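The transmembrane segment annotation in TrEMBL covers B:14-35, B:41-58, B:156-175, B:195-219. If you look up TrEMBL, you'll see B:79-296 marked as domain 'Peptidase M48'. The annotation Zn(2+) binding site is assigned in TrEMBL to B:144, B:148, B:224. If you look up TrEMBL, you'll see B:145 marked as active site.
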């Protein structure tokens with residue numbers, strides 16, 4: 001009789017371990033998925049930038065320096081290894097503000113603003129910028145969820161045994177904290 | 001807190017269903033007594049009509065509601081890029097699947113969400129809202145709608161709309177029957193108790209649609225504050241929703257042809273009337289109270 005109780009206890013422990021382990025794997029998967037979301041948008045933006053440069057170039061003596069800065073940051077972003085999330089986000093944030101100054105400059109060129117191609121690009125770029133921001137928000141909330149799981153008992157025991165490392169939050173640049181997406185508000189269409 | 005909210009909503013859905021079902025039984029009994037002097041006959045017919053009708057409306061709710069409000073479905077992002085992209089963003093951050101997106105051709109700014117669950121949800125926006133609101137404001141509005149989707153508010157609303165319309169249908173049947181001159185079958189048979197029975201039945205039939213509507217409106221009213229707060233949780237930008245609500249409240253109501261009154265409770269702001277109604281019949285809490293609550297966030 002006694003042996004059945006022991007078998008029962010061991011069985012319950014094994015099932016609990018498997019359930020908790022799988023929960024941790026799926027939580028970690030969610031953080032990876034939400035990072036992939038950011039990555040997709042960064043790539044999309046990188047693909048859009050040459051078109052933007054081409055469209056803007058033709059308009060007057062458009063500040064060469066601003067365009068070169070955008071191109072430079074874009075190339076830099078492509079060289080950073082995919083695993084280095086912090087560096088990727090840092091350069092990406094610089095690119096975001098460089099693009100903002102391109103958009104701001106275009107205000108001075110009514111012809112450019114009226115250009116159909118440019119309006120479409122603006123919407124596409126605004127869309128990717130917003131998606132980057134929201135994916136980052138999603139990444140941080142999935143990270144918070146995963147990290148909390150790793151630290152809480154009894155999941156923490158399984159996490160230690162399975163070597164689950166905590167995920168690192170993406171920092172929000174301080175200027176964006178003050179005024180989120182301010183320079184896009186009226187340029188959407 | 002959000003998950004509590006979702007569970008609470010799922011429980012409320014069951015309670016609502018049971019409550020409405022009992023109410024439906026009373027209406028059915030009244031109808032049966034009024035038309036055939038037979039409570040059980042009324043209950044049987046109500047049961048059949050109720051299950052068929054509610055089942056139909058519930059399963060087809062999105063298309064029915066969209067048709068009632070003359071909404072056109074967007075086929076892809078090119079039809080209205082800004083709206084489409086914003087809905088995409090909000091479903092991303094709310095972690096629900098991308099809903100179907102509809103547009104209503106009406107100059108008044110407004111929007112709503114509907115569906116049975118987050119997997120087959122739909123959102124609709126008027127052309128007025130696209131023209132008058134900035135991107136941040138529209139984002140706030142769509143975040144509000146996606147919160148309704150995520151919280152399962154849309155399921156409660158859909159069920160409430162379906163149940164209210166079946167009660168209205170049955171009550172209509174009963175009151176119309178009166179004018180055809182029904183119930184003369186046993187006029188000479190203990191008419192004293194019959195008159196009381198008929199009067200009570202008639203009263204139930206007349207009051208039923210009103211009661212149903214009051215319940216439905218109360219449900220929608222309570223959801224609005226939560227959806228406003230949830231929207232800010234998604235966008236992290238209370239100002240967008242605040243100025244959107246201000247713009248919406250200061251504009252003229254929607255054209256009556258475009259709005260089915262039974263779906264008025266779905267909209268972010270009452271589409272039919274801007275004046276203050278008595279609290280019992282209001283579909284939404286007063287706009288200044290909503291804005292004040294948002295400013296505290």
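Even glycines carry a Cβ here, placed using N, Cα and C.
No curator has checked TrEMBL annotations; they are predicted automatically.
Annotated features, which come from TrEMBL, shown on the structure.
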residue: B:144; record: Zn(2+) binding site; Cβ contacts under 8 Å, 6 or more apart: B:111, B:227, B:228, B:230, B:231, B:241, B:268
residue: B:145; record: active site; Cβ contacts under 8 Å, 6 or more apart: B:90, B:111, B:112, B:113, B:123, B:227, B:268
residue: B:148; record: Zn(2+) binding site; Cβ contacts under 8 Å, 6 or more apart: B:113, B:154, B:157, B:223, B:227
residue: B:224; record: Zn(2+) binding site; Cβ contacts under 8 Å, 6 or more apart: B:284, B:285, B:290
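Sitting within 8 Å of the Cβ centre of B:144, B:148, B:224, and not among those site residues for Zn(2+), are the Cβ atoms of B:113, B:145, B:147, B:153, B:223, B:226, B:227, B:228, B:230, B:231, B:268. For the transmembrane segment (B:41-58), same-chain residues at least 6 beyond its ends with a Cβ under 8 Å from one of its own Cβ atoms are 21, 24-25, 27-35, 64, 116, 158-159, 161-163, 165-166, 169-170. Counting same-chain residues at least six beyond the ends of the transmembrane segment (B:195-219), those with a Cβ under 8 angstroms from any Cβ of the stretch are 16, 19-20, 23, 26-27, 29-31, 33-34, 156-157, 160-161, 163-164, 167-168, 170-172, 174-175, 178, 183, 265, 280-283. Model confidence over the domain 'Peptidase M48' (B:79-296) is summarised by a mean pLDDT of 82. Using a Cβ-Cβ cut-off under 8 Å and counting only residues 6 or more beyond its ends in the same chain, the transmembrane segment (B:14-35) has close neighbours at 41-47, 50, 156, 159-160, 163, 166-167, 170-171, 173-174, 177-178, 182-183, 197-198, 200-202, 204-205, 208, 211-212, 215, 219.
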